[in-house]
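What TrEMBL records for this protein:
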| type | residues | note |
| --- | --- | --- |
| DOMAIN | 57-438 | domain 'Ammonium transporter AmtB-like' |
| TRANSMEM | 12-33 | transmembrane segment |
| TRANSMEM | 65-83 | transmembrane segment |
| TRANSMEM | 90-110 | transmembrane segment |
| TRANSMEM | 122-143 | transmembrane segment |
| TRANSMEM | 155-174 | transmembrane segment |
| TRANSMEM | 186-204 | transmembrane segment |
| TRANSMEM | 216-235 | transmembrane segment |
| TRANSMEM | 255-274 | transmembrane segment |
| TRANSMEM | 286-305 | transmembrane segment |
| TRANSMEM | 311-332 | transmembrane segment |
| TRANSMEM | 344-366 | transmembrane segment |
| TRANSMEM | 399-420 | transmembrane segment |
């Protein structure tokens, strides 16, 4: 309703201050530097007979971390600036979500993956930072489904629960099921996609058409969104390879993702052109579907999928994702009541499922003749408790991992959506969605312009001030 209270002067500062203080306390209790970032690294080098600092994991991982970090803050942020009046919210709230989420992720992932049972401490290094960014990516994907329709307080609550759910499903998929998912097709994209879609479904707004005038893009907003696309597209090979094994695994993941993305662009352009009677391209497709190949190859990026296999995955992803924007998004909104602002179903959820399927098939089809005996062990980490696992069994667990990510996304999204539906969060009214002015101080350009009118009689020149909206042309000449 129109009288919805969107004043967050109390709730937002309280949440930010209380949660940040909580982070400081929890970090003080649990978080410590790992051995490669601690000052005792000098002693560690001497003890382990390491002759050079180049062996420090920083030098392997930091370039990838930089790329992933840029994707999170610049790529995702600018990708969502396509709305004509919601650029501050797209970039600014993306900044807020990521900054809180990465802190909470270091704790949650640390408790599940790297808690030292003897000291009760979490030891973090550069790989921990990459994994925290991955976790945040899942929440930013979910944000895309509710973009412009929720308050920043709701987004922080959504991130708190999203990071928590992510850490649990990640632990189940990667540790208990021992599935491989280096680029996060399942863990990040499938979970984040269905988490956001389910929340959007629970928060369905039957009168959202009242904000229809604000839901489109303008020329410059689409250009800004394309900046986000290009950053994501260029750095996606780093995203898929950032935590893979040093050497051949990382090298292969970069090559496969690089080729897959290139293939996706061509089929996206082809389907976009075919979908219009005039053959013109739709910028929505170019901004989003061109990235779908990177999502779909996340699981199998480090596998021996072969270069032509990567091109095949990209070929079909461009088609499927673009068709999703043309046919599936309208169906979801009209029939299933899912209002997906950014179309995350077509860019993340659906390609994420495709990635899980590709990963399961590729793992099940792996052979010693292709990988080599030691290569098979290294790629799928068939060591310790999993040393007797076969590739067919691995393929089954890969498929099970995909199912786990969907269940966590849907069930978790339904619960969190119900919490966010409570009328206490300061969310905008139906007629005020997709507008920065609800939560931001927006500086307008000069509201008046000089209008020069040459009168038809006597040649007198009249100067008048008119509002920007009333001004049609700078000069009106009457002869």
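Cβ coordinates are placed from backbone N, Cα and C, and glycine is handled just like the others.
Mean pLDDT for the domain 'Ammonium transporter AmtB-like' (57-438) in the predicted structure: 97.
Only pairs six or more apart in sequence are counted, and the transmembrane segment (186-204) with the transmembrane segment (122-143) gives three or more Cβ pairs under 8 Å, enough to call it a contact. Under the criterion of 3 or more C-beta pairs below 8 Å, with sequence separation of 6 or more, the transmembrane segment (216-235) and the transmembrane segment (286-305) qualify as touching. Counted over residue pairs 6 or more apart, the CB atoms of the transmembrane segment (65-83) and the transmembrane segment (122-143) come under 8 Å in at least three pairs, which marks the two as touching.
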